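Engineer: Before I ask anything, let me first share the structure, which is written out below as structure tokens.
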Amino acid sequence: MRLDLRTITVIVVLAGLALMPLLAWAVDEPYWLRFWSRVMILALAAVGVNLILGFGGMVSFGHAMYIAIGAYAVGALRFHGVEGGLPDLLLAVGAGALVALIIGAICLRTAGIYFIMITLAFAQMTYFFFISQEQYGGDDGMRIEGGTRLGPLDLSNDATLYYATFLLLCGALLVSWRLVNSRFGMVIRGARSNEQRMTALGFPTYRYRLTAYVISAVICAIAGALLANLTLYVSPAYTHWTRSGELLIMVILGGLGSLFGPVLGAIALLLLEDVIAHFTRHWQLFLGPILILVVIFAREGLFGLLTPRRQRSHTAGGSHG
Amino acid sequence: MKKHLSMLAGGVAAAAFAAGAAQAESVKIGYMATFSGPPGVLGEHNRDGFQLGIEHLGGTLGDLDVEIIEADDQLKPDVGKQIIDRYLQSDRVDFVVGIIFSNVMMAVYEDVVGSETFLISTNAGPSPIAGESCSEYFFSTSWQNDQLHGAAGLQAVNDGVESAFLIAPNYQAGRDAMAGFKREFEGHGTIAGEILTQINQPDYSAEIAQIAAAGADAVFIFLPGGMGVNFVKQYASSGIDLPLYSGSTVDGTTLPAIGEEMMGGYSSPNFWAPDMDTPVNQRFMADFEERFGYIPSVYAAQGYDAAALIDSAIRAVDGDLSNKEGMRDAMRQADFESIRGDFQFGNNHFPVQDWYAGEVVSDDQGRATIALGDMVAEDFQDAYHQDCAMQW
Amino acid sequence: MSTTLLLIQTLNGLQFGVMLFLMAAGLTLVFGIMNLVNLAHGSLYMMGAYFAAAATAWTGNPLLGILFAIPATLLLGVVVEFITLRTLYQRDHLDQVLCTFGLILFFNELARVLWGSAAIPMAIPEALTGFVTIIPGLIYPKWRLAIILVGLLVALLLYLLISHTRLGMLIRAGASNRPMVGALGVNISLLFTLVFGLGAALAGLAGAMVAPLLSVEPGMGDPILILTFVVIVIGGIGSIRGAFIASLLVGLIDTVGRSFLPALLRELFQTQSANTIGAALASMLIYILMAAVLFFRPRGLFPPKGR
């Protein structure tokens, strides 16, 4: 591994995240823990989205749905009096995977903009489904009594949650890295640039893409379970289409198809939102044009800016197809 | 804002500043409301009212300087939760004020009162907070959600309505609204039909056609914000001429858009209207429009009273913000000049107050505004207060 | 369930569908010809409504307001195209989604800054207030009838424009094979600006026509945007005919479903929650329709040929 600017950034950001709690305790700012937990949870979801979007070219406008499923899994178990722990994770992952398998199987019949719209359609259906769940508070959502407990670990504790999220984020990055550089990843990336060729080569691309879709959904569902632990609250608003849009923005802002891009994107978007919101109540008036400028001028996102110019066209999956 | 930027830089100085500020001669208030999206207008009115309330107290609360940290919850419960985390853990506020929507309130309520910080709701009043989850650290300067709809039900009963048609969006507040109306209305009249509509539905032609077919003699709607504007405009052009009763629908925030259509009709019932004859209200009305350029709505009035309530609490303990018991006892007396005249707090810290029918009239400049009509309920208390264990 | 009610609901569905068509026609053209995903189409609709309301307040005549809104939105569309979208044609859909998402944020907030957060008023043109009796016992608001007529007229004009003019020929050609049109020496960039302007004007017309019936407020374009996308996807992107049929289909199914589904479920299950579930199911109907259509026809009902 050469020590170029991008590697340095990855190391600095991860080390910074690892040390953040120490700083927060030193200056007595426990809030930082929670803020950065939220950033990392959304970054985790964005890493999941990136797996199919950045490498597979599948633009899902409905991945917020899996965050909601993960969060509702925790909420529903607590509502029915099941103590949190392994059941939380099993249900979040299981429900996320099952739903993704069914919906993915239908959605992947389409491609391009049709795929964007059909994933949106399913997310909207999920939205209305959760709204109609009166026992879980309907549109108001519900409070979750108590977090996930795994042995001695209690995720409703701020520091525990922070480090659990941090480790899961690193884990998800590692899994993505392994996946993308495996035979599996080659097929996914190949299918993105030329599906017919991959099919002709004898790869059942549909099955590969479905698998990628399910994995990415599961990562989002785990992020949802973490989000439920952070907020101890779940509501249908988690499935709103603008939330799915935000996930896409994180990925694109960070740099499409780069492994670490989504993390940078999540950090950038949430900080941007926060900082502008403190200057003016009309924060969207500024966030909108910033997004436009990024799209027009920083084509490969923040991570692309860190890449030496002559290398840019060669970055893995970084080209736009 | 200062605090926040420093977070970026990881600044230590600001943290020290915050720790020092807690003991200083100022009161720190976290004011959170919904400012973005279509319902942002509610937050704006509310905040302007709160601000004018502080200005009328000489820019201080209980003779302490005021530091307000304002935030937009975007009507997203988890965003609201994050803001509250910051208020409690980083800004270390003395009061949390605001909160327009019940779902945001439900997401943050336990955190605020659990940390023994006073929470002054200037709008949201979901039923659990009035009932079993009531808290000594919570006060409302508005109303419990059902009360408004109950008042509308009483209004319909008083008018001798025999059968009513009900429309509300398909979410918790909508279903609660229907329940609130029915609680007072059923037994006196029948329900000719009820429809739960989609949230943020633009077109109501299908529902209006059903009203026409149902043969009711009045319509009750709970369609806050833009939904209500959509409905009223379409209803007015539909040729149906049944009286319209409403909750949170025809009020100061929607009248600029639907004043023409509703002229001479009922507004949503209220405990306050611009023409209310109290000395405080005259001062409020005289200054508000000059200061902010629009006719205040009830949301502004609720914000205004929050400032006076906090002022009375701090005054009672001579500025000793650590004396929470003293402040609570003071607030329970409701011993301040309220914009709505005299009122009391019930055992659950929700106001027990008079409710009036409202009428849409034109003011001296020909603009639509609300005039107080008949009193429909005197000292009206919410239906959940028995479930609240708190007694004092 | 009376026949009158069914008739009225059908008219309502038709009116809703026609309104959707005004939106969908522009969006599907821009999409089909320029290959541009324009999430800001709903913002143009919103601006159309605001232009109409503002011009009405200024002139005191709603009809003038609506007539003003059409060229104003057209101009706005051209400016937006020129400043931000022009660079995006060669990019993939994702960049376009992000950029136009940024435009939504910007326009919603701009409307708030210019006209305030609260909804602003807009009246129905004097001559078209009130209602007409279509058959005895069936009265219908004149303004809604006017919307249906205008929508059908626009559909007819679009049909003539596309199948009987040179511009229409280019548009059709552009929808099926873009590079070829350019290779034949057509000024593509002018064609694109024209098409985008046309789409914007149609969105503006839709916004202005519904302004007297709807709350003119920041963000009013967002819900309609999603519906419009549903329509063009069901219809097949780039197909005006598909957009027309899908618009009416979505309008009718949504309206009729909303009015009869909860009642039907109540009859079947006789429980309190039937009402809630019925309402939720009615909201999902069009998405179910879309998923079903795409399942059987992954490129919509009428995909343009040759792509």
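Here the Cβ of each residue, glycine as well, is placed from N, Cα and C on the backbone.
Please treat TrEMBL annotations as automatic predictions, because they have not gone through curation.
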Engineer: Under TrEMBL, which of the candidate ranges A:8-30, A:284-306 is annotated transmembrane segment?
Structural biologist: A:284-306
Engineer: In the same chain, which residue numbers or ranges, 6 or more beyond the ends of the transmembrane segment (A:161-180), come under 8 angstroms Cβ to Cβ?
Structural biologist: 14, 17-18, 20-21, 33, 36-37, 40-41, 43-44, 47-48, 50-51, 55, 147, 153, 155, 188-189, 212, 215, 219, 222, 226, 229-230, 259-260, 263, 316-317
Engineer: Same chain only, please: residues at least 6 beyond the ends of the transmembrane segment (A:89-108) with a C-beta under 8 Å from a C-beta of the stretch. Say none if there are none.
Structural biologist: 58, 60, 65-66, 69-70, 73-74, 76-77, 115, 118-119, 122, 148, 150, 206, 209-210, 213-214, 216-218, 220-222, 224-225
Engineer: Going along the chain, which residues at least six beyond the ends of the transmembrane segment (A:113-132) come within the CB cut-off of under 8 Å?
Structural biologist: 58-65, 68-69, 72, 103, 106-107, 138-139, 235-236, 239-241, 244
Engineer: Using Cβ atoms and a strict cutoff of less than 8 Å, what residues sit near the transmembrane segment (A:247-272) while being 6 or more residues removed from its termini?
Structural biologist: 6, 9-10, 13, 38-40, 42-43, 45-47, 49-50, 53-55, 59, 61, 63-64, 169, 173, 176-177, 180, 287, 290-291, 294-295, 300-304, 315-320
